[in-house]
Amino acid sequence: MLKKVVLLTIGGVFATAAVAQSDIFKADDLVKYRQSIYQVMGAQAKVMGAMVKGEIDFDAEALHQRALNMGNVGKLLGETYVPATRDVEESNILPAAWEDMDGFSAKGKAFGGALEELIAASGEPGFDAAMAKPAVGKLMKSCKACHDDYRE
C-alpha cells in the first residue's frame with residue numbers, strides 16, 4: 001500500500017490539475033508554500049546524506065523516518081504546481097519545466113521511484129550504511145537531475 005501511496009503522491013507531484021487550494025491562495029503564496037515543502041524535503045535529504053557520508057552516525061531507523069517524512073511532505077507538492085504560479089518572480093522553476101511538462105513529470109516519477117525504493121529498503125531488518133549509500137545516492141541523483149534541467 002505504501003508503495004502505491006508514494007508513487008501516486010510523489011510521481012504525480014507535477015500534475016497541474018486545478019485544486020481547491022489554487023482557488024484560495026494567491027500564486028505567490030503557492031510558490032512560497034512549494035518552496036517551504038522543498039526546504040523540509042531538503043532538510044531530510046541533508047541528514048540522510050550526512051549519514052551515508054559518515055559525517056554523522058548511521059541510524060537505520062532515523063534514516064527510514066527521514067525518507068518517510070520526505071514522502072509525506074512531498075504529497076503536498078501537487079497542489080502547488082498550477083499554471084498561475086508560472087510567472088511568479090520568486091519561483092525558481094525555469095520556463096522549461098512548464099514547456100516540457102512531460103519531461104518535468106518524468107523527473108518527478110523518477111524521484112518517486114527512488115524514494116519508494118529507499119523507504120522499502122530502509123524499513124527492512126538489517127538495513128545498514130552499506131545498503132543505504134546506493135539507495136540514498138540514487139535519490140540524490142534524481143533530485144539533481146530535475147534541478148539541472150528545471151531549476152534556476
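Glycine residues also receive a Cβ, built from the backbone N, Cα and C atoms like all the rest.
These figures come from a predicted structure and were not determined experimentally.
What TrEMBL records for this protein:
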- C143, C146, H147: heme c binding site (BINDING)
- 1-20: signal peptide (SIGNAL)
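Feature map: TrEMBL annotations on the structure.
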residue : record              : CB count, 10 Å
C143    : heme c binding site : 19
C146    : heme c binding site : 19
H147    : heme c binding site : 13
Remaining residues near the recorded heme c site, that is with C-beta within 8 Å of the centroid of the site residues C143, C146, H147:
K107, F111, S142, K144, A145, D148, Y150, R151
Three states by DSSP: which one describes C146 (heme c binding site)?
helix
